[in-house]
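In what follows, a single structure is set out as structure tokens and then discussed.
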């Protein structure tokens, strides 16, 4: 009885995915303006519109989103015995919300959509989560994001008060006084910093990842983590240039601390998912460093890792999901010598481990390199610290890989010896293609 | 060029994933394919190098990564004499190693995987030497590191191998970190990644004195950190000996001939940049000389044949680095070439030995590579022995062989550069001769020492063989035990040794067939003895012997005729002119002779000592029981004992550097990580909950 439902869900998401590159073809790369604008009068008396559009940056995030959703649905293919209908619904709603987030051109939507994305996520963690702590994790996740976005709401109201409209493109051209800029910047920073996540407020992410089901982790690592950096790129940096300039040292310090700190923390984790979650915190903080480097390499470079980060940790979470399905544990110490029983999965795992430590030929390399180029011109010490994260990154990635895959098999703990089946391999292949394609030929942007 | 060998790994990967059985059946075909493709590259690179003599450098952009309109990475190739020399080196050694490993790996399950990795490695290595800018260098630099990770950890079921490859990669990553920062710094200063632009801008800046010299030196040093790690120079050398956990062909190709040479290559490539900063040149030569000495002393007491060779590689790389630091570009590259061939020969020889030993002592690197268990192999593997001997002599610097010419040049240059360095370098040449002959004598002279397992077992301290075969052996152990004591009863003559042998035999299933033959005594040559390897293994070794014999000729200075007939320096003239003018007329014949006699006499001195120490020691095992001779040997040299023990311990424990790293760095990082986790758990998490 569950079969037609999930088939419908898969088909719907697949059609969306196949449709999503269409704007790419019709895309007019000569202008930097938003295209395919859809506008709906929503709250006419306050001059607030439901206003969506697409430009060069958001296009690829939309494609990324539509790419991940069918994968998430097929990941839960056999797992969703209970609440199958709700599972599909939750994911499709999320897809809608996330695409809307990347396309929004209205300030109020900047509040509405990112804040409504955690709701289905909350449900996903709460219902299909794996352990007892899931309720706590779900609450934590929800509260953190909500707390940040309250400040965002204040900021939006203030902008509305000054400009009289919430149209993003109008607001972008508005000049704010310096003090107001700083205030607005801090308010928006509070919201985005939670989503990135920057260091003192990062704790929700590993918790949420650990408790979420595989598909939930995949989508969480893939898309909502980009909201923060996407917000910086869309909102804070162009709208408040002076404040951005003032706050760059602050961001740099925070991000550099975050990179070192989370990399070190990663190397002490024992849960497979937590390791990947912490490493993705480190990567996202590298992105913020690049984003606040006031040159073309930094900003251009920071978009590439955002895209590649949509692929790499997601794929790693999928690997962990495959392992978890087999062995029902995620603790590193129970694993070992998997290569002799599951060679295919080990190969796949290895390629994504390489991508995670940004080895050349994979998607993350070129972006991180550009970020470091950009950051070095601004501040060489920060670039040094960020590059130090590279060593640590290699250390923990390899440590993880070596522990799980090589060495002697531990037959006491691992009972089932079956390699990844056809469905799983076919899920991984698009990830691999994407990672290598972006790593070898990263020219993906029209602008 | 570099992408010609690439199809093999890709096709292999796809083939293994999709049609596992079919691919495995056709495995020889893949080998031929990869050898064939590499041969094409070799012919092409030889052609290019002939072209190089007449033409200047070729520089062309092929492809670019355009990120934005203002900023793009050019991908191209840049071919100059250095590149062509390196590519010839890589392809020739690569082909020979591929042929060799076809046999060497034929019993391994990962045969195809091995060839896929090898193809990938050759690709990235060729990419490295042909790259035209620093980004490309960095790109392939990392890829090479990754391949070496894969290949060191080839037998990943062994925890040692897994740790070793991890260590290698992380150590190399430290170097990459420095290299990356250096590249970024240079980009910041000059605004370019291209080598040619880079050198020009750099020289202009220096001449006009427009940049901070300290910062410049720092950047150059950071660039140099990359080669330090890759070429196993002093502070970051720890990975190289551990890297010997990989299969022996890998050690020959990567850790003797090509990958470790990548660091030297990069320094040579960037020499126009380094040479304008005197302090960095001094640092390079200093690190070179430290490595020379350290490698030589550490090589003194290694038990494992491959580790001994690894440390000697390290020492030789130190020589090259020293030569580069002194600005003698030519001799460094000359030594690079000669050393690569000799060392590849030695490694392939040792591989052949290991292969023949494995049949006897069991499939564990603790044993089959243990030199103490070897000895007296001359009778059994004559061809390997000859090849190995030639390699050893060459490395010691005995005249007609390759390394003599190059090493002599380096020593000579060091004499001109600074007397202290010269003294260290010369004495290390003596040490080189000593440890190389120690390896040689232990392996080939005397008698087969596997029968003295009592002694060696005490030393190696580990009888268990941990490998893929571990489980089967234990199953059959019981069956063996019934058989063996019975046999020992029959043999009265050597009963004392058989108690050890039983253990050994039970360790190794394959030997049980030969037990009956063996107990008739040691004198009969039976199947049980190590046997000579197959033709496919011997063929590459013989080719390498030829190389070792004659490659020195390209660099021999024929100055006495008044004509400069030196091919190599002619070859490098375009690039050397830029560096220093007087490299052409560097020695007259008399001076050359004097230096040569000096260095050769040092080498002979080293050989003599090695012969004194190791030959009688092991031949005395013939008559006496082991313990007695050991005591006797000790009592003779009681006043030496303390010093020797110190040197031995220092050397055996790898100069305590490993343990120092372990305790200081790793522990501190661990502690730091622990604290951050604690912080994360208690404070950040605790506040909210």
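Every residue, even glycine, has its Cβ placed from backbone N, Cα and C.
Quantities reported herein were computed from a predicted structural model and do not represent experimental measurements.
Positions annotated as transmembrane segment by TrEMBL: A:48-75 (among others).
Residues or ranges marked as domain 'NADH:quinone oxidoreductase/Mrp antiporter transmembrane' by TrEMBL: A:106-387.
Tertiary neighbourhood of the transmembrane segment (A:111-129): same-chain residues 76, 80, 83, 86-87, 90-91, 93-94, 97-98, 100-101, 104, 135, 137-138, 141-142, 145-146, 149, 152-153, 156, 191, 195, 208, 211-213, 215-216, 219-220, 224, 227, 231, selected by CB-CB distance under 8 Å and a gap of 6+ residues from either end. Among the features that TrEMBL reports, transmembrane segment is placed at A:111-129 (among others).
Among residues of the same chain six or more beyond the transmembrane segment (A:141-162), those with a C-beta under 8 A of the stretch's C-beta atoms are 46, 107-108, 110-111, 114-115, 118, 121-122, 125, 171, 174, 176, 180, 183-184, 186-188, 190-195, 197, 201, 203-204, 207-208. The transmembrane segment annotation in TrEMBL covers A:141-162 (among others).
Marked as transmembrane segment by TrEMBL: A:182-205 (among others). Counting only same-chain residues 6+ beyond the ends of the transmembrane segment (A:182-205), those with a CB under 8 A from a CB of the stretch are 114, 137, 140-141, 144-145, 147-152, 154-155, 158-159, 176, 220, 224-225, 227-229, 231-232, 235-236, 239-240, 243-244, 246-247, 254-255, 257-258, 261-262, 277, 280-281, 284-285, 287-288.
If one looks beyond the transmembrane segment (A:249-266) by at least 6 residues along the same chain, the residues whose Cβ comes under 8 Å of a Cβ in the stretch are 193, 198-199, 202, 275, 278-279, 281-282, 285-286, 288-289, 292, 375, 378-379, 382, 385-386, 388-389, 392-393, 396. According to TrEMBL, the transmembrane segment annotation covers A:249-266 (among others).
Annotation source TrEMBL lists transmembrane segment at A:275-293 (among others).
What TrEMBL lists as transmembrane segment is A:299-323 (among others).
Here TrEMBL flags A:335-355 (among others) as transmembrane segment. Same-chain residues lying 6+ beyond the ends of the transmembrane segment (A:335-355) with a Cβ under 8 Å from its Cβ atoms: 272, 308, 311-312, 315-316, 319, 322-323, 327, 329, 361-364, 397-398, 400-401, 403-410, 413-414, 417-420, 424-425, 428, 431-432, 435, 439.
Taken from TrEMBL, the feature transmembrane segment applies to A:381-401 (among others). Sequence-distant neighbours of the transmembrane segment (A:381-401) (same chain, 6+ residues past either end, Cβ-Cβ under 8 Å): 252-253, 255-256, 259-260, 263-264, 266-267, 272, 275, 279, 282, 286, 289, 332, 349-350, 353-354, 356-358, 368, 371-372, 375.
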By a Cβ-Cβ criterion of under 8 Å, what residues six or more beyond either terminus of the transmembrane segment (A:275-293) are in contact with it?
196-199, 202, 205-206, 209-210, 217, 221, 225, 228-229, 232-233, 237, 244, 247-248, 251-252, 254-256, 258-259, 262-263, 265-266, 269, 299, 301-302, 305-306, 309, 313, 316-317, 320, 332, 356, 364, 367-368, 370-371, 374-375, 377-378, 382, 386, 389, 393, 396-397, 400
